[in-house]
Structures are given as structure tokens and as C-alpha cells.
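As C-alpha cells, the structure follows; a few thoughts come after it.
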């Protein structure tokens, strides 16, 4: 406490009054006249004396020509005027051509290889615009059919057929109720034949005819518990809807 100044040992009013009277606490340096007059634009455009020739002067002038700077300044001055309408800018011819080197040219051997692959793949390729799929129904299925020729040229399979010709050739195997008789065997017994038996009113021996059953639509009688459903009702009486359902205890 002995090292502290006198104004820190008193009460708060004395301390505050001592801070106000102290000179070095609020002794800020006054700004110089040069700093008040200089602006950011002046600091940016400061010309350094002593360097008469600059090696980068030409490069800087090429990037920012004086014509563009003068046009920008004139546009800014005209825009800040009272009329509010600036002068029309003059068109400037800019070189937008790219002078960078692109990808290296391809190897001629690679071009020859790709051309050979394309020529080899041309026979297997079918242009759909030139050879369109047209449905046809010739007298003989699979012969002289334009649809079959289209599928054969596309797939490369000389035996390919269209769906219509295939159905016409194999339709009897699908839509006939009974296959055609292939002839009786040497023994003459009908059991040895592979074709199915003819459809008759009486089924063959060993085949049980299905009997249609009518589904009952009557309601199940009310029960007191679920175990009653498992027991068979000997009376099997119909449900009497005039009676009230018994209450479950």
C-alpha cells in the first residue's frame, strides 16, 4: 500500500477526481497536419522519388492502359454529375483468343487402330432408320418375312424368327385341346400310347371326379367361450335370430 499513489488510497470520489486531474492518463498525441491532409487515394498514388526507370513499368502500362483509365474516370465524373446521365462508353476491341497450348495431338497409330475397329464393327451394326421392323405375314412362316429378316440382321442368327411366325409354326402345340394321335403301338393297347385319353363324360379308371360343393352362408351360433367352437354340435340346428344372444358371465 505504501507504493500506491495517494489518489488510490482514498474513497471512490477522490480516486475519480484524481484520475481526471492526472495529465498522463488522458494525454493523447495530437494528430499531425500531414496525416489530416493525406487521404487513402493520395497514399495509393504516392510517387517515389529516386527511381527514374522501372523495369515493370511497361508491363503495368500494358495491363492498365491510359485509355481505359481515362474512360473510367470520365464515366465516374459524368455519373456523379447533377444530370445523373453518363456519357456513352466507346467500344473497346478485346482479344479473347486463348494462346495456351491444348492437349497434344493423338498418335496416328491410335487413329488407325480406332478406324479399323469401327470398320470391323460396321457389318454387325444395323441402322434402324434404314431397316425398320415391319410386321409381315407370309404364306410360309419364317420364309420371306420382313420381320424375320430384321431380327436375323440384328441378332446375327440366321435361324431367328419373329413372334408371329413362331406362333404360327407352334400354335397347334399350344391351342389344341388334345394333341394329334401319333398312331397306336405294336401291342395295340391304349395304355402304351403317349397321347392323352379323349375327353369323355365318364373319367377313366382311377381318376376321382371332383364334386362341386356349395359354400354355406349361414351364421355361426353364439358361444360362451372359444372351446365351444372346437366341439361338434350334434343337433346342428340353424340359428334362430328371434332369440336374444345369451350374456356371457
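Counting starts with 1 at the first residue shown.
Placed from the backbone N, Cα and C atoms, the Cβ positions cover glycine too.
Per Swiss-Prot, compositional bias 'Acidic residues' is recorded for 181-193.
Per Swiss-Prot, the feature region 'Interaction with RB1 in competition with E2F1' maps to 38-46. When pLDDT values are averaged over the region 'Interaction with RB1 in competition with E2F1' (38-46), the model yields 70.
If you look up Swiss-Prot, you'll see 74-131 marked as region 'Interaction with UBE2I'.
The region 'Disordered' annotation in Swiss-Prot covers 180-203.
Break the motif 'LXCXE motif, interaction with host RB1 and TMEM173/STING' (96-100) down by DSSP state and the numbers are 0 helix, 0 strand, 5 coil. For 96-100, the entry in Swiss-Prot reads motif 'LXCXE motif, interaction with host RB1 and TMEM173/STING'.
As annotated by Swiss-Prot, motif 'PXDLS motif, CTBP-binding' applies to 238-242, with the evidence given as similarity to another entry.
Secondary structure of the motif 'Nuclear localization signal' (244-248) per DSSP, as helix, strand and coil residue counts: 0 helix, 0 strand, 5 coil. Under the heading motif 'Nuclear localization signal', Swiss-Prot lists 244-248, citing sequence analysis as support.
According to Swiss-Prot, the feature zinc finger maps to 145-165. Counting residues per DSSP class in helix, strand and coil order gives 13 helix, 0 strand, 8 coil for the zinc finger (145-165).
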